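Report on one structure; see the data block that follows.
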Amino acid sequence: MSIQRTFVMIKPDGVRRNLIGEIISRFEKRGLKIIGLKMVKIDRPTAERLYEEHKGKSFFEELISYITSGPVVCMVIEGDEAVSVVRKMIGNTDPKEAPPGTIRGDYALSKAENVIHASDSEEKAKREMSIFFKEEELVTPLAQVHM
Ligand code: PCG
């Protein structure tokens, strides 16, 4: 067993299309634990920080205006090999390449507006979750057992 934490964000198009419950439900049914959850409207400085690695790319401005266009739902998800398990569940960045059964494969067609984000490594997960969550905002699975 290798328990990991990963950062997941339902993007503005996912929120607008009322997919919050459907998406969270998939992670819970898989056996993963939601240990942090919040809805936020991302401001421009935060968006630029989150997407730092894409600065300079042709679609950067489009990406920033999309991600700041409406509320997003941020989560920290914990479970065995959570980083790769969640990435497999969301499917390829380009939804046209994402198999049916994955979140993007079922709910998206556009590479720009692809419903959901999940960290692609443990290192990135740490960086991304620290942008949105303080350590004390995360609950441990043990706390959930006693709730
Ligand atoms: P994600 O979660 O992989 O993080 C980077 C994001 O950049 C990606 O999702 C897409 O939302 C976005 N992205 C990737 N390629 C393109 C593109 O060609 N055009 C636009 N507008 N956005 C893109």
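Counting starts with 1 at the first residue shown.
In case you wondered, yes, glycine gets a Cβ from its N, Cα and C as well.
Per Swiss-Prot, active site, pros-phosphohistidine intermediate is recorded for His117, and the stated evidence type is sequence analysis. For Lys11, Phe59, Arg87, Thr93, Arg104, Asn114, the entry in Swiss-Prot reads ATP binding site.
Structure coloured by features recorded in Swiss-Prot.
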residue: Lys11; record: ATP binding site; contacts (Cβ under 8 Å, 6+ apart): Tyr66, Ile67, Val72, Glu113, Asn114, Val115, Ile116, His117
residue: Phe59; record: ATP binding site; contacts (Cβ under 8 Å, 6+ apart): Ala112
residue: Arg87; record: ATP binding site; contacts (Cβ under 8 Å, 6+ apart): Ala118, Asp120
residue: Thr93; record: ATP binding site; contacts (Cβ under 8 Å, 6+ apart): Arg104, Lys111, Asn114
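Site extent for ATP: among the recorded binding residues Lys11, Phe59, Arg87, Thr93, Arg104, Asn114, the largest C-alpha separation is 22 Å. In this structure, Phe59, Thr93, Asn114, His117 are the recorded positions from Lys11, Phe59, Arg87, Thr93, Asn114, His117 whose C-beta falls under 6 Å of some atom of ligand 1. Other C-beta atoms found within 10 angstroms of the C-beta of the residue listed as 'active site, pros-phosphohistidine intermediate' number 20, with every protein chain shown included. The residue listed as 'active site, pros-phosphohistidine intermediate' carries a strand DSSP state (E or B). Counting every protein chain shown, the number of other Cβ atoms lying within 10 Å of the Cβ of Asn114 (ATP binding site) is 23.
A coil conformation is recorded for Thr93 (ATP binding site) in the three-state DSSP classification, outside any helix or strand. When other Cβ atoms within 10 Å of the Cβ of Arg104 (ATP binding site) are tallied across all protein chains shown, the result is 23.
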